[in-house]
Every structure is written in C-alpha cells, then in structure tokens.
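Annotated features, as they stand in TrEMBL:
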- 7-26: transmembrane segment (TRANSMEM)
- 59-212: domain 'Multidrug resistance protein MdtA-like barrel-sandwich hybrid' (DOMAIN)
- 230-294: domain 'CusB-like beta-barrel' (DOMAIN)
Amino acid sequence: MGKNKKIILIIAVILIIISAISYFIIKSGSKHPVYELYAVKPMTIQKYVTTSGTANPINTINVGAQVSGRFSKLYVWYNSVVKKGQLLAEIDPTPFIQKVDQDKANLASARANVLKQKALLAYDKLTYIRDKKLWEENLIAHATEQNAYSIYLQDKAQLKFLEDAANAVKSQLAQDETNLSYTKIYSPVNGVIINVSVVVGQTVASTFQTPSLFTIGEDLKEMEIYTTTNEADLGGIKKGDRASFTVYAYPDKTFWGYVHNIRINPTTVSGVVSYNVTIYFKNPDGLILPGMTAIPKIYVSEKKGVLGVPNAALRFIPQDENKEILDNLSKKLKVGEGVVWVLKNKMPEPVIVNLGINNDSDTEIISKDIKVGTEIITGLKSNYQATGTPGRRLFF
C-alpha cells in the first residue's frame with residue numbers, strides 16, 4: 001500500500017509541474033506576440049475605378065404599326081432571333097384589300113370618263129373648225145360660230161377636271177396599296193426580340209403616334225454597359241481604358257471590354273454629380289443578357305515591377321506601442337507618406353515610406369530602407385490575444 005501511495009504522489013507532482021510550465025508558456029506567449037509577415041517583392045499594381053451598371057444592346061429598335069387594325073398572325077416571340085426583312089406579324093388585311101379594290105374600280109371609272117370626254121372634245125373641235133370656216137364664208141351667223149367655240153372650251157375644261165379627278169383616285173390607290181403593305185410588319189435589322197407588346201386578336205390604333213409592338217436588340221454579340229460614375233472618379237477615366245466586369249449570373253467569371261464613351265451630360269442626385277460612362281464588350285456566347293446588372297472595374301493606370309505591400313501593412317500599428325511615439329510619427333508624416341513596421345531585434349520598428357499607385361488590396365511603397373525581401377508586419381497571428389486599444393491608421 002505504501003508503494004502505491006508513493007506512485008500516486010509522484011504522478012501528482014508531475015502534473016503540477018506540467019500545469020505550471022504550461023501556464024508560464026501561455027503567460028510568456030501573451031507578452032511576446034507573433035506577427036504576420038509579408039516579404040516585399042516586385043508586383044504589378046493596377047489602379048481601377050469600381051462602378052455598377054446594366055448591360056444593354058448597342059442599338060435597341062422599337063418596331064411599330066403604321067396602320068390601325070386587328071392582329072391576325074404573329075410569327076415571333078421573346079428571344080426569337082430575326083433577320084433584316086423577316087416577317088414578324090400581320091394585321092388583318094381584309095378592310096385594306098377592300099379599299100384597294102374599290103380604288104381600282106373608281107380609277108377605272110375615272111379613266112373611262114376621261115376617254116369619253118376626250119372623244120367629245122375631239123368632236124367639239126371639229127365642229128368649231130367647220131363653223132368657223134362657214135362663218136368666214138358668210139354661210140352662218142357669227143353667233144353660231146361663237147357658240148361652237150364656247151362648247152369646245154367648256155368641254156376642254158371638263159376634260160381637265162376629269163383628268164385631275166382620275167389622278168386623285170390614282171394617288172388614293174397608291175396610298176391604300178401602301179397601307180395594305182403596312183399590314184405586314186417586317187424586322188428592320190438583324191437581332192433578337194427582347195420584348196413583345198401584342199397578341200393575336202389585339203387591335204392597335206396608330207392615330208397619334210406609332211404604337212411599339214416589338215423591341216429588337218440589334219446583334220447581342222456586341223453590347224454595352226451603361227454605368228454611372230462619380231465626378232471624383234471621372235478624372236482618371238479616358239476613352240479606350242480596359243475594363244473588366246462580373247455579373248450575378250456568373251459570379252466566378254470575368255468579362256472584358258473597354259471604355260467606349262464618356263457622356264458629358266451630368267446627372268445630379270442629392271447634390272452628387274455623376275456622369276454616364278459606356279463600356280463596350282463582345283458577347284460571342286450570348287451569356288450576357290439585356291438588363292443584367294454588371295459590376296465593372298475600369299483600369300485607369302498600371303505599374304509593373306514596383307515594390308508593393310498589402311494595404312493591411314499600412315493599417316497595422318502595434319497594440320502596445322507608446323502613444324507618444326505614435327503621435328510623433330503622425331506629426332512627421334507628409335501628404336503621400338505612410339508607415340510600415342519591420343521587426344528589429346524581435347521588436348516592431350516604424351519606417352516612413354512614400355506611397356505610390358494603389359488599389360483596394362495593394363499599395364506601392366518607395367523607401368531606401370525597404371528592399372526586395374524585407375519582411376513587413378501586416379498583422380498579428382490569429383491565435384494571439386492582444387491587449388490594449390486598436391491602433392490608428394498612419395498614412396496620409
């Protein structure tokens with residue numbers, strides 16, 4: 001029994017020693033933080049402007065009806081691919097055919113009246129010539145000769161009236177034949193039907209303005225994004241700048257285009273001035289559809305092979321750093337400068353650097369003290385529980 005007690009006592013002492021060692025290790029670790037380090041290396045930094053917009057066909061055409069009537073046939077629907085000159089729909093042509101037939105009958109009658117009047121005028125002319133000769137030979141009275149001349153002039157005027165009437169009927173026939181042709185509605189361009197505003201049996205009236213029946217997106221293989229860009233970001237954007245964008249339908253896919261146009265007409269909302277920037281892109285697979293929300297990045301500048309650090313390095317400040325030291329650093333900094341921290345004798349030491357091109361993730365730094373391979377502190381290891389208050393951001 002004495003031997004067992006001795007073993008139990010030894011085990012208890014060992015456990016106490018292990019617990020004490022663990023405590024001091026943890027205690028010691030809390031006083032010596034472990035830092036996340038980044039080795040400075042050459043990188044390409046692209047500065048870009050992020051915006052949002054919608055994808056649209058380069059040209060959108062509204063196709064309407066030029067005559068009133070009831071739709072009898074519809075040959076296309078949403079997403080139909082159409083060719084220029086393709087028949088899209090028909091308005092019931094019956095009343096238009098009847099009008100054309102009536103015009104043709106009226107024209108035939110008018111032409112017959114003209115021919116009849118021409119014959120009568122020819123007779124009147126011969127009568128007048130004969131009576132004039134007889135009057136010159138004193139064989140008839142002058143009044144008879146004048147009466148024949150008067151009849152000739154009246155019938156000549158009547159012929160002019162009938163010819164004008166026939167021409168009016170002819171013009172009406174041409175107009176009604178044109179209206180008959182308007183009952184067939186054709187596509188004016190190659191494209192895709194993106195909206196249909198009519199169904200078979202529906203009656204449309206084109207009294208005051210042409211009603212829109214179809215909306216055609218011309219050639220969705222090439223499209224544009226209409227974006228709204230804040231005036232503060234506009235200065236760096238120029239025509240031809242590269243742009244990438246994503247859409248919610250394909251969040252893991254990046255599409256590319258370029259700035260096609262910057263519209264100078266401003267839009268002001270709640271005092272914020274913005275401008276419309278259009279981004280052209282090719283859509284060979286037809287993945288992008290009209291109206292899709294796009295999130296573009298417009299690349300306004302780029303530097304290759306520069307020394308850069310993650311932006312986290314410029315935000316980092318040691319938690320237990322003396323407030324007086326931090327205040328002195330803030331006073332020393334000029335516009336365009338920032339502070340990064342390096343380890344010297346296992347302690348953070350600040351280095352003031354000049355700041356160059358930057359984007360949402362990285363910033364170019366320029367300093368004689370920072371070279372390729374220099375390790376910059378970007379933060380604390382995730383398992384370290386720091387004490388103290390959060391640091392301030394030290395760059396201007």
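Any Cβ shown, glycine's included, is placed from N, Cα and C.
Across the domain 'CusB-like beta-barrel' (230-294), DSSP assigns 4 helix, 36 strand, 25 coil. In the predicted model, residues of the domain 'CusB-like beta-barrel' (230-294) average a pLDDT of 94.
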